Amino acid sequence: MCPARSLLLVATLVLLDYLSLARNLSVATPGPEMFPCLHHSQNLLKAASNTLQKARQILEFYPCTSEEIDHEDITKDKTSTVEACLPLELIKNESCLNSRETSVITKGSCLASRKTSFMMALCLRSIYEDLQIYQVEFKTMNAKLLMDPKRQIFLDQNILGVIDELMQALNFNSETVPQKSSLEEPDFYKTKIRLCILLHAFRIRAVTIDRVMSYLNAS
């Protein structure tokens, strides 16, 4: 058995390093089906980076830098992108993957090369679910920010648009995640701090998604 925390940490580091190397070294021609997803993932990363930079500039007197915020992964225990998107070259017969999806479908066995198409589908579905979770969070937060009399900051339609475009390109049918609502009076200071936290986390996930798409496109 592999300890869950150690596996997740190692898997994350190995995945990002491997996918970065694969993207830099690969000279393969983009496939017609994957290319739109790669294009959309690049737009996603650009929008995530620009939105975070803009937020840090506007909220310069708030704790909004990477060193100041409390990092949070809102997809934790909901999706398994890191595990599902591990390159098959790194998955050996003796490897252990403690994810809900793989343990159920492979019935506890370790993954083999015949699982290539299945693992790709699982990876892309997990990415879709990540985007869906962030989409709901951002829309909920934007609704609160638009209530702020100061109108200091709110999310523009660009980042929400590129999230939707990549989700459409992935084309998975999934249950609609209900948008959160609250009857409480919003605390705009806390909302802006949470915006910073989510934008930092989303940019990290956008980096992962872009590298995964680059790797899959070149495979």
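Positions of Cβ are set from backbone N, Cα and C atoms, glycine also.
For CYS37-CYS110, CYS64-CYS196, CYS85-CYS123, the entry in Swiss-Prot reads disulfide bond. Here Swiss-Prot flags ASN24, ASN93 as N-linked glycosylation site. Taken from Swiss-Prot, the feature signal peptide covers 1-22.
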Length of the line joining the Cα atoms of CYS37 (disulfide bond) and CYS123 (disulfide bond), in Å: 13
Rounded Cα separation (Å) that holds between CYS123 (disulfide bond) and CYS64 (disulfide bond): 31
Cβ atoms near CYS123 (disulfide bond) (within 10 Å, other residues, all chains): 23
Integer Å distance between the CA atoms belonging to CYS196 (disulfide bond) and CYS85 (disulfide bond): 26
List of residues, in chain order, with Cβ under 8 A from that of CYS196 (disulfide bond) and at least 6 apart: ALA55, ARG56, LEU59, TYR62, PRO63, CYS64, ILE69
Secondary-structure category, per DSSP, in which CYS196 (disulfide bond) falls: helix
Residue among disulfide-bonded residues CYS64, CYS85 with least C-beta crowding, 10 angstrom cut-off: CYS64
